Amino acid sequence: MRVLGIETSCDETGIAIYDDKKGLLANQLYSQVKLHADYGGVVPELASRDHVRKTVPLIQAALKEAGLTASDIDAVAYTAGPGLVGALLVGATVGRSLAFAWNVPAIPVHHMEGHLLAPMLEDNPPDFPFVALLVSGGHTQLISVTGIGQYELLGESIDDAAGEAFDKTAKLLGLDYPGGPMLSKMASQGTAGRFVFPRPMTDRPGLDFSFSGLKTFAANTIRSNGDDEQTRADIARAFEDAVVDTLMIKCKRALESTGFKRLVMAGGVSANRTLRAKLAEMMQKRRGEVFYARPEFCTDNGAMIAYAGMVRFKAGVTADLGVTVRPRWPLAELPAA
């Protein structure tokens, strides 16, 4: 069985084909980073228009890569939310239209479930149950996962997501969009301990996060110190260490409260090398395991949507003829599979 996956929730157009026996057959991705760089962030209207231009050509490229034709596709999965409404509508409209034309089921997929299941694409996928850290530009959540669709929200950011804080702080440091990866690169040249940033909300019980204050602390530190390259690198290092430590402390609490031995890390920020190293070290000390997708599957991509679509299709999930998207869509609302 083969599922075509379409991802257009923000500023990446991702198309992939997943086979339940052979695995990933094709993976095509187009990033709009250069398009939005001059604006310092994603412009929703520009994102939607670029998805219109790229989605169908990428589908054609994916079919060619896999050596397949439309008649070989058994279902079409598309991201139905959460995300930018215009961008979502492009993928949903194309996906629903192709499914109708090809006479196959259409499968609406939750974007964050796609991220959560992305590590399942690897050779050593995690078994249930596990704690999932979903950490990206739009979300920072800790979730108890006991099965497909069996998700319990343990904690989340009450303001900025971790990835958003990375990007905003990078902008304060004069780095171009997207700033998160560039800040991490700068931090690798920084001196540990020169600046010490707070670890927000770790001095009290609970599993919620808050990163807006950390961003403000960074802004004040930048204003109060020199603008030389080493100082900026030291500030970047202090900021990254604070975010990583905060995430690690909360993950440890979540594992302690659930009693689980497995931690899954997903979303764009999960590609951060410092975060991966710290969580791997923590899980080794706890005699547990940490799982994450390869870097190209941490950011938005069609492969995770094709895989999640396969899982949901086997559970009987399909869409009607209408095109419906949900820019806001709590993960806990998904049914168990």
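Cβ coordinates come from backbone N, Cα and C, glycine included.
Annotated in Swiss-Prot:
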- H111, H115, D300: Fe cation binding site (BINDING)
- L134, V135, S136, G137, G138, D167, G180, N272: substrate binding site (BINDING)
Inset, instruction - In whole Å, could you give the widest CA to CA gap in the substrate site formed by L134, V135, S136, G137, G138, D167, G180, N272? - result: 17
Legend entry - Minimum Cα separation from D167 (substrate binding site), reported as the residue among binding-site residues H111, H115, D300 that achieves it: D300
Inset, instruction - Within 10 Å of H115 (Fe cation binding site) by C-alpha distance: pick out those among the binding-site residues G137, G138, G180, N272, and say none if nothing qualifies. - result: none
Inset, instruction - By Cβ count within 10 Å, point out the most packed of the binding-site residues listed: L134, V135. - result: V135
Inset, instruction - Name the secondary structure element type, per DSSP in three states, that contains D300 (Fe cation binding site). - result: coil
Legend entry - Between H111 (Fe cation binding site) and N272 (substrate binding site): CA-CA distance (Å): 20
Inset, instruction - Fewest other Cβ atoms within 10 Å: which of the binding-site residues G137, G138 wins that one? Let me know. - result: G138
Legend entry - Site with most surrounding Cβ atoms, counting all protein chains shown within 10 Å, from the binding-site residues S136, N272: N272
Inset, instruction - Identify all same-chain residues not among H111, H115, D300 whose C-beta atom falls within 8 angstroms of the centroid of the Fe cation site's C-beta atoms; report them in sequence order. - result: E7, S9, T79, G83, M112, G114, S136, G267, N301, M304, I305
Legend entry - Euclidean distance between Cα atoms of H111 (Fe cation binding site) and L134 (substrate binding site), Å: 11
Legend entry - For G180 (substrate binding site), nearby residues of its own chain (Cβ under 8 Å, 6 or more apart in sequence): G137, G163, F166, D167, A170, G268, V269, N272
Legend entry - List of residues, in chain order, with Cβ under 8 A from that of H111 (Fe cation binding site) and at least 6 apart: E7, S9, T79, G81, P82, G83, D300, I305, W329
Inset, instruction - State the count of C-beta atoms found within 10 angstroms of the C-beta of D167 (substrate binding site), not counting that atom itself. - result: 23
